[in-house]
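According to TrEMBL, the protein has these features:
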- Glu1169: active site, proton acceptor (ACT_SITE)
- Cys66: [2Fe-2S] cluster 1 binding site (BINDING)
- Cys106, Cys109, Cys141, Cys143: [2Fe-2S] cluster 2 binding site (BINDING)
- Asp265, Leu309, Arg327: FAD binding site (BINDING)
- Phe822: substrate binding site (BINDING)
- 201-319: domain 'FAD-binding PCMH-type' (DOMAIN)
Amino acid sequence: ANPGRAPAQKMEFALGGWSHVIREENVSPSFKGKNKLEETVLESELGDLVCMQSLTLQLHYPANACLLPICSLHGAAVTTVEGVGSTKARIHPVQERVAKCHGTQCGFCTPGMVMSIYTLLRNHPEPTLDQLTDALGGNLCRCTGYRPIIDACKTFCKTSPKLFSEEEFLPLDPTQELIFPPELMVSSNHTALFTNDFILGLTLGAGLSLAQVKEILAEVIQKLPEEKTQTYHALLKHLGTLAGCQIRNMASLGGHIVSRHLDSDLNPLLAVGNCTLNLLSKEGERQIPLNEQFLTKCPSADLKPGEILVSVNIPYSRKWEFVSAFRQAQRQQNALAIVNSGMRVFFGEGGGIIRELSIAYGGVGPTTICAKNSCQKLIGRPWNEEMLDAACRLILDEVSLPGWAPGGKVEFKRTLLISFFFKFYLKVSQILKTMDPVRYPGLADKYESALEDLHSRNHWGTSKYQVGNPKQLPQDPIGRPIMHLSGIKHTTGEAIYCDDMPVLDGELFLAFVTSSRAHAEIVSIDLSEALSLPGVVDIVTEEDLRGVNSFCLLIEPEKLLETQEVSCVGQLVCAVVADSEVQAKQAAKKVKIVYQDLEPVILTIEEAIRHHSFFQGERKLEYGNVDEAFKVVDQILEGEIHMGGQEHFYMETQSMLAVPKGEDQEMDVYVSSQFPKYIQVTWVAATLKVPANKIMCHVKRVGGAFGGKVTKTGIMAAITAFAANKHGRPVRCILERGEDMLITGGRHPYLGKYKAGFMNDGRILALDVEHYCNGGSTLDESLFVLETGVLKVDNAYKFPNLRCQGWACKTNLPSNTALRGFGFPQSGLITENCITEVAAKCGLSPEKVRMMNMYKEIDQTPYKQEIDATNLIQCWKECMAMSSYSLRKVAVEKFNSENYWKKKGLAMVPLKFPVGFGSTAACQAAALVHIYLDGSVLVTHGGIEMGQGVHTKMIQVASRELRMPMSNVHLRGTSTETVPNANVSGASLVADLNGLAVKDACQTLLKRLEPIISKNPKGTWKDWAQAAYDESISLSATGYFRGYETHMNWETGEGHPFEYFVFGAACSEVEIDCLTGAHKNIRTDIVMDIGHSINPALDVGQIEGAFIQGMGLYTIEELKYSPQGVLYTRGPDQYKIPAVSDVPTELHVSFLPPSQNSNTLYSSKGLGEPGVFLGCSVFFAIHDAVRAARQERGLLGPLKLDSPLTPEKIRMACEDKFTKMIPRDEPGSYVPWNIPV
């Protein structure tokens, strides 16, 4: 602030080139840019990205809108995605290239991607690949797998291999971009953010953003000798992974320091670097050291009231002084550290004797912890192995972590404390060797790799499409890589989602109140304070829903709202209805609920087994004679594997808007759902006690679903509709990310137990498997998931004698539900883990045992359905060849023999994914096609567009069948008003089923019009439509597909539950750091049998997106629950899905040539789900690397690794002297912070 200047009475900024003035009296705590500034999305729950331009700095930087207080925009120019380009004016090259490179699917994250790339190009019109990777590091996408987005970015890089020709795209012309508004040049009054060299180091202004600090340090390092920049190098290393660039642009250096977060990445380094803080107050200036006392907020060493932090002094390092930074997080980039550290040693004038030593850790206490006593005891000691051993023991003694420590992972954290110091020891030893080779011995060659980071950079990949049919007509779009028809709208922000719908007159907002106990009786609910708050209209309770509060999905009844006995944390108790979102959520916090806890609280599968807590409906499948086969095998192996759950993490949270029509009890429900019929009939109509023909459910598009927008969506839509009906006003409900994750559940955690009988050559003759899934508190779809897992337990293998039994466990967790893959990712992992163990017992490679036991050509599944496995074997062989598996296996073994602390792993898994719903009725579909008199066509069908491109494919179908250009065909969305009784969109069948219905409708129309067309074969569609109308021929037709003939009899264990099989194979290579548990995905090759692709670009996107989602499932996505059943991981800061940095450095996808014709849509196959399972190729590659590490350490016993295979599990499995050195807590002697469910 300028002390000589009066406080501003107004603020000015530019938005999209237009100036805005906001006066002080118009700003309130609930001020939202979204409502005030012409829908420019300055605030959103996911943090829409904006580009900001500063006059003073003449730079552009991306920022999360949710982190931008309006008042911080004074004097700035803000550009949102709408300002970058639009279909109404012109689209920007960034928008065009992301769309044309197929970088959008559901499209909800796309504006953020566009803004990150756009901002980078404003600063660097010809960026490097590293700059691109860094720019996208703060963005998340759940659909695409990132590869096509990276490809779009590469078109702007001059040094990148050309994937596309320049002529395909609009040129990037920096002279056509928005300029900084001249009127703001006068009003801008930014305080200069300073950086100065002082005689002993660098002074950085506290107001500098972390991004600016990063740039300054990079510049300083280039100018100064290396011996002076040790601390700067270490800081720069951490700034490269600290959050994403959007957050680094908004977070200030001073704020980061003074907040003193326990996992601060910079404070440990600043503390060991002897930094000082320059303070200012009315009393004057003073300095304080940034030391342990400051970090622990000791009053004598902290800021006093009225003081502000002005700048930070960071001293130069000296000769013979070395500084290093270390951190380990759940994900490589944009993730809070589990443990981080700063370390500094000074040897005086050389000699290798420690003169000064400072070590500080983050993530292991309430704030940064300094190992001061340990360092003091090590001063005067030589830098050698004896010192290392003593240091490790001293550190473990001083930096003690109790077994119940917040954050959990206690033994892992203890191990990291000394693993980091060992890395520091190695690094310093290596430098000493280069400085004085005579005095200091060098590192063993096998140890040198321990010092190299694992960060993946410069991603590249290939997609090999099928060769087109040369006889196909040029205008026929089937089989061609057509861009997603909403792609441009996704990139311009013009695609409309549920919460983008304008606020309606009199609209109310609904917020839910949820249970805070896992199993308890509700003694009382006090609504009085909540009802007294301004803007609160009503609170809907179980009492309001008398007679309609209960429903039965399968065999277990469930309530909409529960006010008597809650059975999980996150259960819906009541709903607050208010004039605004802020008021509704404030009131929801004021509802007072008194509980009486009940026993037992069952959270884990093991607890459910002990209490015999199961839902009805055990499932069993048996083939051959398992018990007899066990008598004749050479060996018998028993084992088990636990697999954690997974959050859907769709980008668009649960969203709905119920609008009463004002007459005849009619209501329109706009909802982000996969199952409009379900919302309409089962939920809303039943709750309002009206016929379904009074309720119309509309879905334009869904911002990701993956199975998570069916059951819970229906419950919430019913309550929202009830409130709208009661008050005769529109009611909107949009969940925040945290409450969405708490309420909705996700993928079922699984426990798989197996007993395998096999011959010494690896042939498995008998397999007995038990599946236990954690269903949560209500049945939901758990029985269907369990059935699918049992039916698909064989994966790609012919087990001559097989028995599989499954139970759905009833626990006190939120109900788990459908998630992409629907039981197969769990079931398949159990089987593959068994295969891997059998291979180890036989002394064979897992790939050899897999090949030996695979289906061969024509065969029979355990449920007696015929299978032709020719393409399965073909996928396996092609993947072997494409990945150069044999050569790379040799290379991996050579690498492992030469490196002790880094190991590589290579694994290949096959895929047989049966596709079908198990019943004919569940596969039926309908469509409605209109031809208008101008020759244009409108298509409607029952499928939901949720990113998979089904609407694009349906227009391709109509274009082929009617022999007209795709531009003539339009599709508005899905509605129960046009296509009634449509089945759920899921199970990889949406395009299959609805495409056959659209095809049927088009063929009906074409047959009607044949006489018209034959009379005027050279006419246009406009001519034919008019002629048909004149002859009273209907230009509207319904299409219908009755469903595939599928069935399953669980009594006999026989049936034909699936229509066809998708085959595939994936080979993945990884590298792990045995000291930290980090891993790098080096390369993945995928070969898929997809039949005849309708749209190869969309199909590749489905395969890659599913693979990356599966990779997250099996490696980094970890749900954490408290022993009381509270979900800790309620947002992107705690729950990590794969980011750009996690994508394999090389990713290659190839399709088999078209082969078998079938009765599916143009012989295509559904690909939405199969690729998820292929993510386990990364799991088993890590497994391979860990086994190599253990073998080198003489650990030859069984290796049990559960999923997800996180850094914690990798590190603790790579046992060594450090894991043996840490203290271990006796189980039962403490209550852990979290429990595995």
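Note that the numbers count up from 1, one per residue, in the order the chain is shown.
Including glycine, each Cβ sits where the backbone N, Cα and C put it.
Note that this is a predicted model, so its numbers are computed, not measured.
Positions of the features from TrEMBL, shown on the structure.
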residue : record                          : Cβ contacts under 8 Å, 6 or more apart
Cys106  : [2Fe-2S] cluster 2 binding site : Arg142, Cys143, Tyr650, Met651, Glu652, Arg701, Val702, Gly703, Gly704, Met946, Gly947
Cys141  : [2Fe-2S] cluster 2 binding site : Cys109, Met113, Ile149, Met651
Asp265  : FAD binding site                : His238, Leu239, Thr241, Leu242, Ala325, Arg327, Ala337, Asn340, Gly362
Leu309  : FAD binding site                : Ala206, Gly254, Ile257, Val258, Leu277, Asn278, Leu279, Leu303
Phe822  : substrate binding site          : Gly707, Phe784, Val785, Thr788, Gly986, Ala987, Glu1169
Around the Cβ of Cys109 ([2Fe-2S] cluster 2 binding site), how many other Cβ atoms lie within 10 Å? Please give the count over every shown protein chain.
-> 25
Tally every other Cβ atom lying within 10 Å of the Cβ atom of Arg327 (FAD binding site).
-> 25
Looking at the binding-site residues Cys66, Cys143, which sits with the largest number of other Cβ atoms within 10 Å of its Cβ?
-> Cys143
Take the domain 'FAD-binding PCMH-type' (201-319) and average the pLDDT across it for me.
-> 95
Counts of helix, strand and coil residues, the domain 'FAD-binding PCMH-type' (201-319), according to DSSP | 53 helix, 27 strand, 39 coil
Across all the protein chains here, work out how many other Cβ atoms are within 10 Å of the Cβ of the residue listed as 'active site, proton acceptor'.
-> 26
On the Cα atoms of Asp265, Leu309, Arg327, which are listed as binding FAD, what is the maximum pairwise distance in Å?
-> 27
